[in-house]
């Protein structure tokens, strides 16, 4: 069984986030030889990222989530720095390599131009199916979810089932993978959700996801599984609704299954 409350926090704005944004705008000046030679795991927060982490910490403490039974954090420095700046008063963090970011393989720390010129074939495959298509020499979301399920999720079930509240500080794609597991999102729906510009599936820096087994409206109701989730961007409320949503445990009738199949026309009849 998972803890009653599970909090996911993405790291604050990092050097990598800034360089990527500048490159998408046509400016590759951040990609110096010194910047490129570092491993992704040692990229630091910007000053803005520190402010975002502090805002996230204030939101947690202001909403009765300042103290946890377990504190887990990715070993990547931008997550470590974020966790520190949350300012949680009784924190005793456990660093977990299981919470590392999705492996981007050959597409890690490259400019937008390089990404489109060198990896156009991958990008075409990714547009076909965003959950199953792997990054070149890296992970697909399916592979990410598999390692999260056998790694950190196993740890949570094994070591935290009797806990009231647990916090994880991690990364954007890792949080997307955890959402797939916790919200039981099928691959076809993941692809649809991440193919458009629906902000409800955007995960901003220092965005918080709060999962709970206790009904936010009828507090006497406590489920054996996570039943509700809310998402908050503490430094910009326009980026998330902050409203509680129930987690649907999807099942499919035979007709539902056939309806899924029929979305994709057959090209061969024999």
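Positions of Cβ are set from backbone N, Cα and C atoms, glycine also.
As annotated by TrEMBL, active site, tele-phosphohistidine intermediate applies to 11. TrEMBL lists 101 with the feature active site, proton donor/acceptor. Annotation source TrEMBL lists substrate binding site at 10, 11, 12, 13, 14, 15, 16, 17, 78. Annotation source TrEMBL lists region 'Disordered' at 13-34.
Features per TrEMBL, on structure.
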residue: 10; record: substrate binding site; DSSP (3 states): strand
residue: 16; record: substrate binding site; DSSP (3 states): helix
residue: 78; record: substrate binding site; DSSP (3 states): helix
residue: 101; record: active site, proton donor/acceptor; DSSP (3 states): coil
Cβ neighbours within the same chain of residue 101 (active site, proton donor/acceptor) - under 8 Å, at least six residues apart: 40, 74, 76, 170, 171, 172, 173, 174
Residue 12 (substrate binding site): tally of other CB atoms within 10 A of its CB: 29
Taking residues 10, 11, 12, 13, 14, 15, 16, 17, 78, which bind substrate in the record, the widest Cα spacing (Å, whole number): 15
Packing count at residue 16 (substrate binding site) (other Cβ atoms within 10 Å of its Cβ): 20
Other CB atoms, at most 10 A from the CB of residue 14 (substrate binding site): 24
Fewest-neighbour residue among recorded positions, criterion Cβ within 10 Å, set 10, 11, 78: 10
Listed in sequence order, residues not in 10, 11, 12, 13, 14, 15, 16, 17, 78 with Cβ within 8 Å of the centre of the substrate site Cβ atoms: 43, 45, 46, 49, 82, 205
